[in-house]
Amino acid sequence: MRLRNLLLKRLLQLLAVSWGVGTLTFLLMRALPGDMAYRIAAGRYGMDAVDSDAAALVREELGLDQGAWSTYWSWLGDLLQWNLGNSLVSGQPVSESLWHMLGHSLLLAGAGILLAALIAIPLGLASAYHGGWLNRILLTLSTGMRALPVFVIGLLAVVVFALELNLLPVAGFGTPAHLVLPALTLGLSLAAIANRVVHTEAERVFNAPFYEFAQTKGLSAWQAFLRHGVRNMSVPVVAFFGVQLITVVEGVVMIESLFSWPGIGHGLAHAIFARDIPLIQGAALMMGILFVLLNTLVDLACYWLDPRGGQLA
Amino acid sequence: MKLSYLSTSQISTSQISTSRLCGAVLLLLLCVYAFATPLLSAQDAASQNLSQILSLPDGNSWFGTDHFGRDMWVRLADALRLSLSMAALCVLTSAVIGVTLGILAATGPSWVDRTLDGVTTLILALPGLVLVLIFAAIVPGSFWMLYVAISLIQWIEYFRVTRAITQRIARSPEVQSSRLMGFGAFYLFRRHYWPAIAPQLVTLASFGAASAILMMASLGFVYVGIQPPLAELGLMIVEHFPYYSDAPWLLAQPLIALALVVLSCHLLGGKKAS
């Protein structure tokens, strides 16, 4: 029952994303100052090459000569049919370039999350188990790291690994070496918070009566951890990951722009800069849909880990 | 047993308040620097001096000059002032809206609660930065558009916390009896709800301010936020990056300033409300 409500809510969010992005980008097109068609044509062909013929062509193509409401409805109608139009700059279908970008973004996000897990889980567990100076150092490091926006972490990584040590390429894509710095940046910024969550949860479980009893009844430390620790710790950690998803998505936008990684975030920032409205709409829509879908996955994971159906994120 | 419990809790509260105090002092210093510099300095953030670019800090320009020979001491103060003003405006707006709606949702008729829940679900469906990016695209380089967009996202946090607290308190015996005695809504707010909400607000506001500053710097960094020649922290970081090998201190300044502001807000906020 709870699960059904939750999925319904996520479905509602999916619709809301489509409507919200569609409406905002529609407003965006209407808000272009001056003659819209002329401005868009100028964006497409360059300021010097534009003339009234080109503007007329654009006006016809985008239906700018019709009333606001009818344009709005047909805009939303197109959106629902996943007809995202062509990029104003390159002229290619938006949905095609979106699929291309999606692969790159998912690769980056996946690598970043994996790296974050590899960093945060051992550190969090160690600091909960050991405590003392290790905990103190990690707390200070995490606090400092959290004060740095993700693009600053990336910039520092570029300065250290690419410019000073010459180990890795500054930006771009293609070889595995290009993935290292962006993924490391994302991983570090996620791990800065995640290791504290793992620490708190691990400490809670280690001090819980049931855990103490598991050891008293004769299980070894390792057995107690595997049988009674892991699952109890993982529910809040996974739920927290749902909260952190927003950091992932925002981090991906910033990191892709910084490293010229050809993903959706990079596409979005570029489209905004070039005022390429169909691409803005497509990229924002894709990020929104991805966000909702990932949230749904986290919900399902929490449900599976804790069938009691406790507090879901 | 009891004694040891007391002493540890005392230590932990004093530790928290020390870090909060540090944050407050740091933030205050940054505010004084940002807001007093234009009053005290005769320099102007936009005036260029191309014969003296990328100069090291000296007696004349305390933080050196940038790639157009503009005085960094003044420019950094300008950028900080912009960020701090944005943060203050966003915090104020979203706190007022969030607390008001939160109390309405918790105490008003149930359709208000359902409607507001729907609205928050709607807004939270899109990652905040993406929403702000689209808003920034509508009117490029506009301070006020950024303000609207950031506030639109941030009120939700205040709303949720206020609603949760008020819901809990509204069912408590003391509020019930106050109500039975015939006290009005405003009295209930002042006497019961506000004292419970207020301590949480400091934490929320600090983290909200930090995220507003980060948001604005992020937009400047991808070049769709505040436009040059205005000084903005994220924008300065991009502008100075090409000169990294010639003038690393120039790149370091906005980076350190940004980190300091955000750190001071995080410290002031203390432990995030759990």
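Yeah, the Cβs are placed from backbone N, Cα and C, and that goes for glycine too.
Per TrEMBL, the feature transmembrane segment maps to A:12-32 (among others). Residues 39-40, 62, 68, 71-72, 75-76, 79-80, 275, 277, 280-281, 284-285, 288-289, 291-292, 295 of the same chain lie 6 or more positions beyond the ends of the transmembrane segment (A:12-32) yet place their CB under 8 Å from a CB of it.
Per TrEMBL, domain 'ABC transmembrane type-1' is recorded for A:102-298.
Residues or ranges marked as transmembrane segment by TrEMBL: A:106-126 (among others). Beyond the transmembrane segment (A:106-126), the same-chain residues lying 6 or more positions past its ends with a Cβ under 8 Å from any Cβ of the stretch are 134, 138, 179, 182-188, 190-191, 194-199, 201-202, 248, 251-252, 255-256, 261, 263.
Feature annotation from TrEMBL assigns transmembrane segment to A:147-167 (among others). Beyond its flanks by at least six residues, the transmembrane segment (A:147-167) meets 180-182, 184-186, 188-189, 247, 250-251, 254-255, 257-259 of its own chain at Cβ-Cβ distances under 8 Å.
Per TrEMBL, transmembrane segment is recorded for A:179-198 (among others).
Annotation source TrEMBL lists transmembrane segment at A:237-259 (among others). Within the same chain, residues 104-105, 108-109, 112-113, 149-151, 154-155, 158, 170-172, 178, 181-182, 185-186, 189-190, 193-194, 197-198, 201, 265-266, 268-269, 287, 290-291, 294-295, 298-299, 301-302, 305, 311-313 sit at least 6 positions outside the transmembrane segment (A:237-259) and bring their C-beta atoms closer than 8 Å to a C-beta of that stretch.
Marked as transmembrane segment by TrEMBL: A:279-305 (among others). Remote same-chain partners of the transmembrane segment (A:279-305), defined as residues 6 or more beyond its termini with a Cβ less than 8 Å from a stretch Cβ, comprise 3, 6-7, 10, 13-14, 17-18, 20-22, 24-25, 28, 79, 84, 87-89, 94-95, 97-98, 101-102, 105, 231, 234-235, 238-239, 241-242, 245-246, 248-249, 253, 264-265, 267-268, 271-272, 312-313.
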